[in-house]
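One structure is given below, encoded as structure tokens.
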Amino acid sequence: MGPEGKRLLNIIILGFGFMFMFTAFQTCGNIEQTVIKSFNSTEFHGSGYTSMAIIYGVFSASNLIAPSVVTLIGPQFSMFFSGLLYSGYIAMFIYPYTWTFYTASVLVGIGAAVLWTAQGNVLAINSSDRTIGRNSGIFWALLQFSLFFGNLYIYCAWHGHDHITDKDRRTVFISLTVISLVGSSPWKRERGERLFLSLCSHMFTTREMLLLSVSIAYTGLELTFYSGVYGTSIGAMTRFGKDAKSLIGISGICIGVGEILGGGVFGLLNKSSRFGRNPVVLLGLIIHYLAFFLIFLNIANDAPLAPEAGTDLQAFITPSIGVALFCSFLLGLGDSCFNTQLLSIIGFTFRDNSAPAFAVFKFIQSIAAALAFFYSNYLLLQWQLLILVLLGFLGSTTFFMAEWAAEASRPQSDYDSI
């Protein structure tokens, strides 16, 4: 196998490892607020939204030291030990206590920063200007298969259940812990760049990163919405019938189908390099706006904040399961448009210092996600959607400016955009 084939194989292995790990973690995040509401314990007082806010808050702060950790122990062991922290967080739900819940949230926030910094490093050093778009798409598509498999299991396990018993919870989280451990297996080691905190600080203040920071922040808010708030809202809709909770799993599958389709179309079938990245981001914004409008009409305004019994509040139209699941698909498809283009432009623009660049990317994204999980405890659905609409417009505008700058700086470059 030639050097190009080996680098492609590294990307595929990376994608499969993340697929297993996030089959467990993204499924956990999608259902944990619903699971917590059904705990048969008066000693547990945790909140899934608060936990996620802690995770992404610690995640953002830890990105300042993550590049140095990756330099010290290498991307192989960085991803391995981070994966163990993810597995520990999931295993905590087998026998949950409030103090272990929030302690695990802090630890997985630290692990996430190291994991994603190492991932960006491995993606960049196994890519060239010509292949960065293709490799970003391959990785993203494999990663998002995690939404399909994990949520399919949730649907099958919870179908027909209107209450999640302790036995149901333990069975699910034991399975997810094992899957996460499979994804945490040791990785092929690659040599990365030397990384320093000062380099991250300098990179954060560059014109390119400042422009991209708004669109990165938008993906953080959107991540919170589709991975936590929307699934919980569907599960709270009593007008969807007694199977509303099992619809959380189907919703996650539809999100995953959208993510996989987007990663494939704009990565594996990348034929539009002469048009740049901007058309894909614009398409993603249009798709998201359509999804937000339909969600506003179809889902009750208080659904994100409803108790375990759910909400009987009437939406603007007669609630439709088909529309709800179509919106899940649109959320995933639009998200893949934004994230594949961000991975591509960051890998291209900062290819000589990729790990610090991806650390800054995750720093900004996780701050936004932490903020969104915090306000999700208090804001009705309409206000959460309004914030997404406004930041989506600003983020797309600044992305266009960053892409034009990238094209102007390398007018003769034969790079791939997805």
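Any Cβ shown, glycine's included, is placed from N, Cα and C.
Look at TrEMBL and you will find 7-26 (among others) tagged as transmembrane segment.
For the transmembrane segment (46-65), same-chain residues at least 6 beyond its ends with a Cβ under 8 Å from one of its own Cβ atoms are 29, 32-36, 96, 98, 101-102, 105-106, 108-110, 112-114, 117, 197, 200, 220, 224, 228, 232, 359-360, 362-364, 366-371, 373-374, 376-377. The transmembrane segment annotation in TrEMBL covers 46-65 (among others).
Annotation source TrEMBL lists transmembrane segment at 77-95 (among others).
Residues or ranges marked as transmembrane segment by TrEMBL: 101-125 (among others). Using a Cβ-Cβ cut-off under 8 Å and counting only residues 6 or more beyond its ends in the same chain, the transmembrane segment (101-125) has close neighbours at 10-11, 14, 18, 44, 46, 50-52, 54-63, 65-67, 69-70, 75, 78-79, 81-86, 88-89, 92, 132, 135-136, 139, 187, 190-193, 195, 343, 346-347, 350-351, 354-355, 357-359, 361-363, 366.
For 137-160 (among others), the entry in TrEMBL reads transmembrane segment. Tertiary neighbourhood of the transmembrane segment (137-160): same-chain residues 8, 11-12, 14-16, 18-27, 30-31, 123, 168, 171-172, 175-176, 179, 242-243, 245-253, 255-257, 259-260, 262-264, 266-268, 270, 332, 336, 339-340, 343, 418, selected by CB-CB distance under 8 Å and a gap of 6+ residues from either end.
If you look up TrEMBL, you'll see 172-188 (among others) marked as transmembrane segment.
The transmembrane segment annotation in TrEMBL covers 209-227 (among others).
According to TrEMBL, the feature transmembrane segment maps to 247-269 (among others).
Residues annotated as transmembrane segment in TrEMBL: 281-301 (among others). Long-range contacts of the transmembrane segment (281-301) within the same chain: residues 215, 222, 230, 233-234, 236-237, 239, 262, 311, 313-317, 319-320, 323-324, 326-327, 330-331, 333-338, 341, 380-382, 385, 388-389, 392-393, 396, 399-400, 403, each at least 6 residues beyond the stretch ends and with a Cβ under 8 Å from a Cβ of the stretch.
Annotation source TrEMBL lists transmembrane segment at 313-334 (among others).
The transmembrane segment annotation in TrEMBL covers 355-375 (among others).
Look at TrEMBL and you will find 381-402 (among others) tagged as transmembrane segment.
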Leading stretch by Cβ pairs under 8 Å, where the reference is the transmembrane segment (313-334) and the options are 7-26, 77-95, 209-227, 247-269, 355-375: 247-269
